[in-house]
Amino acid sequence: LALNPWDVVLCISGTIISCENAVVVVVIFYTPAFRAPMFLLIGSLATADLLAGLGLILHFAFVYFIPSEAVSLLTVGLLVTSFTASVSSLLTITIDRYLSLYNALTYYSERTVTRTYIMLILTWGASICYGLLPVMGWNCLKEPSACSIVRPLTKNHLIILSVSFFAVFAVMLQLYVQICRIVCRHAHQIAVQRHLLASSHYVTTRKGIATLAVILGTFASCWLPFAVYGLLGDYSSPALYTYATLLPATYNSMLNPVIYAFRNQEIQKVLWAVCCGCFSSAPPFRSRSPSDV
């Protein structure tokens, strides 16, 4: 096959994604203090994005060096599983952030740990089921007219994935609106109790809203183009449009470590300690707010 520049860019993106998220996975896995629910969810997100990056690299390698329909189904299945798990992990993190504010007094309890494991099982169970569909026979290899913009996924399969994305985005949007209200109310109460100036309340509220806007804006700008095009396009659509919408979707996995992991103060401490060669086994301080808003 002639080398497609878009495939090269996707492979480079996959390499960057893999390196970033591998750092997060290693830090969380080898730090015993990072066993709290919020770190387990961040680890799930990093694992999903790591697999997505590896999937992009493997897809490039197998397409150009070991072309095979069976291998193509496996790599596409891996990509579907990993990207679905990534989006689903973002939803679980949003739910966890909402509950950490809504039920702040009972957040640090065994019930929260149990709920976290249930969400992880559901997230990865559903993602694996989505990814196994092409391997189990739901593909368009024998019927090209049924293909979607991403071969060998069928049009119906991609429609299900796109509709699922819109459902996840709608739930996340609603939850972050509720989080924003809680943050604003808490900031106002603190300002009143401490007799702070109105400007202090305004600054705190604006910071919280800006953080939520960055989180939702990044997620939407990365995935919405591909989700919309997945509903509108089919096998006859130009491949250029598929690459142009798929590439921003991969950027979400590239930005997730920055937004959800590297901004966390505890993870920052461990990373700085490792970089400075003064790694300590002492557990990091517990976050003042699991929401990180």
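Using N, Cα and C of the backbone, Cβ positions are placed for all residues, glycine too.
Now, the feature entries from TrEMBL:
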- 20-260: domain 'G-protein coupled receptors family 1 profile' (DOMAIN)
- 6-31: transmembrane segment (TRANSMEM)
- 38-66: transmembrane segment (TRANSMEM)
- 72-95: transmembrane segment (TRANSMEM)
- 116-138: transmembrane segment (TRANSMEM)
- 158-177: transmembrane segment (TRANSMEM)
- 209-228: transmembrane segment (TRANSMEM)
- 240-262: transmembrane segment (TRANSMEM)
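Taking every recorded stretch in 38-66, 72-95, 240-262 and counting its Cβ pairs under 8 Å to the transmembrane segment (209-228), the highest total belongs to 240-262. Only pairs six or more apart in sequence are counted, and the transmembrane segment (72-95) with the transmembrane segment (240-262) gives three or more Cβ pairs under 8 Å, enough to call it a contact. With a cut-off of 8 Å on Cβ pairs spaced 6 or more residues apart, the transmembrane segment (38-66) and the transmembrane segment (158-177) reach fewer than 3 such pairs and are scored as not touching. Restricting the average to the domain 'G-protein coupled receptors family 1 profile' (20-260) gives a pLDDT of 86.
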